[in-house]
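Taking it in order: structure first as structure tokens, then the write-up.
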Amino acid sequence: LLSVGLLALVQAQSESQQPKIQLRLAGDKRKHYEGRLEVSYNNEWGTICDDDFSIEAAHVACRELGFLGAVAWSPSAKFGQGEGRIWLDNVHCTGREKSLAECPSNGFGVSDCRHSEDVGVICNQKRIPGHRFINTMNNNVETLEERVEEIRIRPISSHLKRIPVTEGYVEIKERGKWRQICDEAWTPLNNRVVCGMYGFPGDKNYNNKVYKSLSMRKKKNYWRFSVNCTGNEAHLSSCRLGKPLEPKRNGTCGRGLPVVVSCVPGRAFAPSSSTGFRKQPLVRLRGGSNIGEGRVEVLKNGVWGTVCDDNWNLRAATVVCRELGFGSAKEALTGAKLGQGMGPVHMNEVECSGFEKSLTDCYFNNDALGCSHEEDAAVRCNIPAMGFQKRIRLSGGRNPYEGRVEVLTEKNSSLVWGTVCSENWGIVEAMVVCRQLGLGFASHAFQETWYWAGDASADNVVMSGVRCSGTEMSLPQCLHHGKHISCPKGGGRFAAGVSCSDTAPDLVLNAQLVEQTTYLEDRPMYALQCALEENCLSSTAKKNDHSSYRRLLRFSSQIHNVGQSDFRPKLGYHAWTWHECHRHYHSIEVFTHYDLLSLNGTKVAEGHKASFCLEDTQCDEGIQKRYVCANFGEQGITVGCWDTYRHDIDCQWIDITDIKPGDYIFQVVLNPYYDVAESDYTNNVMKCKCRYDGYRIWMYHCHTGELQKKKLY
């Protein structure tokens, strides 16, 4: 079932003449399957009081809305206070009723409650197959027995091999049969909705002569209704029904023909270079495991910032999705559900009409006072069906999230399953596999999979030399060998494997603190013996005597975990290294690079700050510290916490003794070899401009990621 409509017609008109009502979910900060429960009675919307409400009543309401049932219900206006009348109070359901109107209550409009007692429900995300989901309320449609099961775009034979499917007849499945829609009352706004729900940002004209010729030759089977969309619906299910069509004996619909749509794919899905899109959007998505989802970030004055979730809804989310080349939004996420951002909050109280070309064209409040990154807005967009998931599988794992990677490839004119060579297989390649399978992020990449008994018929290596950038949607999009496979170790026990996870950590360095804490220190060699043993000085330091000095560029590192799961070392206790000088274990062999670069990017000095002991130095309010270095403790960085290496501790520097005065770039790279999986590697680099006159140093324009020159507005 493809429908996600929030409104569902409830025909509660039984033999006992139950009142006709309609339900919807509304309110603040919600997903499409949860919200304040509102009811329309006598064409007037109102709310339901939480007195005596129960999970059984929630089940009835959710099923009326087209979901399989309820997960929970919420009293005391959790999703905000409604308006208008409180239609129902003291509702008692057994859970077997087909409508809330069948449940005993005080009667419609009889209540002693206030809107502070408005009830909310959280429904199961899965929908009832075949549920009637087109809104017919107030459309004067007498026949209410419509059960629309599915909607599709059916391509003509010459387009069958095109992926994604962008053009074809719009057909509705009713009572097991596919039916066309008459185009007499069809509008461009309807096209927009259909394209949006299939992952496309817009529609275009098509060759009508081809379809007209085809329709003359084939018998048509029209659906009995027209559809009337505003263009902002997330799915055709949310559009109103138009007037019923009068069936013609010859199978025609007056002068009309079957509806055809032709959609424009976004830049990531276009077969060739796509035109009509901004080359560099002012909006981006971060922290999502799949393409088309993530935390919304906006560019302003060269700095990326987040959007506060106050008033955040599907309409604004859809503007973001279409701007980035996706379809309409299927979910507007609030409460930093896809991780917290860093830096400024650029936009608050966003209000969009839904037709803006960019989120920055919508009304919004520049003042985000009171908005923290705990309120960062995010989106999940509809994306085209590319069929990637059908060409890859995980085999032999203990659960669906892990196993040996097996890919479907063409060999001798037939399709066969085979393994992937694990030589140089790493977390970035594993990330692409998990994304292709829709299983979230990679948590580990395996170069040996002897403990997972995969499909014996798929033991042969069919893909080798895989190198991914991490942004690919499928493994074949990565660089890899062609027909000539080269894998010295072979497949079998050495085949590539992965384990996937719904969440991942995300490390970000506090750039502002680096800028604020930088200074120079001339330190005598006799005070640097421990640092010399730890290899934290330039190689020329070994030639110096104890009375000489080294010039150190010192600064503080504050590393935040803004992801959705704790950052844990890849290696277990047994592989940690004891550092005698510092009296603690280092759990990661190379955790950061501290470098000074020339303006053309050549490295002129490095800090050798390779290994770290990871712990929670401080945490956001309400979060408990979990990791500590002392006494061989557990190491890591908890979500919402940060590890601070102060400027006054050993090795927290770059040795610039041999550097000449001039302009440089100071750079810090976290997790440089991708040893640990993260949801976003683009924010692992921090750079500053740096001027050294031989006596003093100035650090300025510190930023995370690549510096942006464009301004937002």
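Heads up, the Cβ atoms here are built off N, Cα and C, so glycines get one too.
TrEMBL does not curate its annotations; it predicts them automatically.
Owing to the predicted nature of the structure, the values given are computational and were not obtained by experimental measurement.
As recorded in TrEMBL:
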type	residues	note
DOMAIN	23-124	domain 'SRCR'
DISULFID	Cys49-Cys113	disulfide bond
DISULFID	Cys62-Cys123	disulfide bond
DISULFID	Cys93-Cys103	disulfide bond
DOMAIN	153-264	domain 'SRCR'
DISULFID	Cys229-Cys239	disulfide bond
DOMAIN	283-382	domain 'SRCR'
DISULFID	Cys352-Cys362	disulfide bond
DOMAIN	392-501	domain 'SRCR'
DISULFID	Cys468-Cys478	disulfide bond
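Shown on the structure are the features that TrEMBL records.
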| residue | record | Cβ neighbours (10 Å) |
| --- | --- | --- |
| Cys49 | disulfide bond | 23 |
| Cys103 | disulfide bond | 19 |
| Cys113 | disulfide bond | 18 |
| Cys123 | disulfide bond | 27 |
| Cys229 | disulfide bond | 21 |
| Cys239 | disulfide bond | 22 |
| Cys352 | disulfide bond | 22 |
| Cys362 | disulfide bond | 17 |
| Cys468 | disulfide bond | 20 |
| Cys478 | disulfide bond | 19 |
**Report entry** Contact check, the domain 'SRCR' (23-124) vs the domain 'SRCR' (392-501), 3+ Cβ pairs under 8 Å, seq sep 6+
**Finding:** no
**Report entry** When distances run from the Cα of Cys362 (disulfide bond) to each of the disulfide-bonded residues Cys93, Cys103, Cys113, Cys239, Cys468, the nearest one
**Finding:** Cys239
Query raised in the report: Where's the emptiest Cβ shell within 10 Å among the disulfide-bonded residues Cys62, Cys93?
Result: Cys93
Report summary line: Smallest Cα-Cα separation from Cys103 (disulfide bond) among the disulfide-bonded residues Cys62, Cys113, Cys239 is shown by Cys62
Query - Among Cys49, Cys113, Cys123, Cys239, Cys468, which are recorded as disulfide-bonded residues, the nearest neighbour of Cys93 (disulfide bond) by Cα - result: Cys49
Query raised in the report: Nearest to Cys352 (disulfide bond) by Cα, among Cys49, Cys123, Cys468 (disulfide-bonded residues)?
Result: Cys123
Query raised in the report: Per DSSP, what is the residue count of the domain 'SRCR' (23-124) in each of helix, strand and coil?
Result: 16 helix, 33 strand, 53 coil
**Report entry** Distance [Cα-Cα, Å, rounded] between Cys239 (disulfide bond) and Cys113 (disulfide bond)
**Finding:** 33
Query raised in the report: With DSSP, how much of the domain 'SRCR' (392-501) is helix, how much strand and how much coil, in residues?
Result: 20 helix, 40 strand, 50 coil
**Report entry** Rounded Cα-Cα span from Cys229 (disulfide bond) to Cys468 (disulfide bond), Å
**Finding:** 42
Report summary line: The average per-residue pLDDT within the domain 'SRCR' (392-501) comes out at 89
Report summary line: For Cys113 (disulfide bond) and Cys62 (disulfide bond), the CA-to-CA distance in whole Å is 23
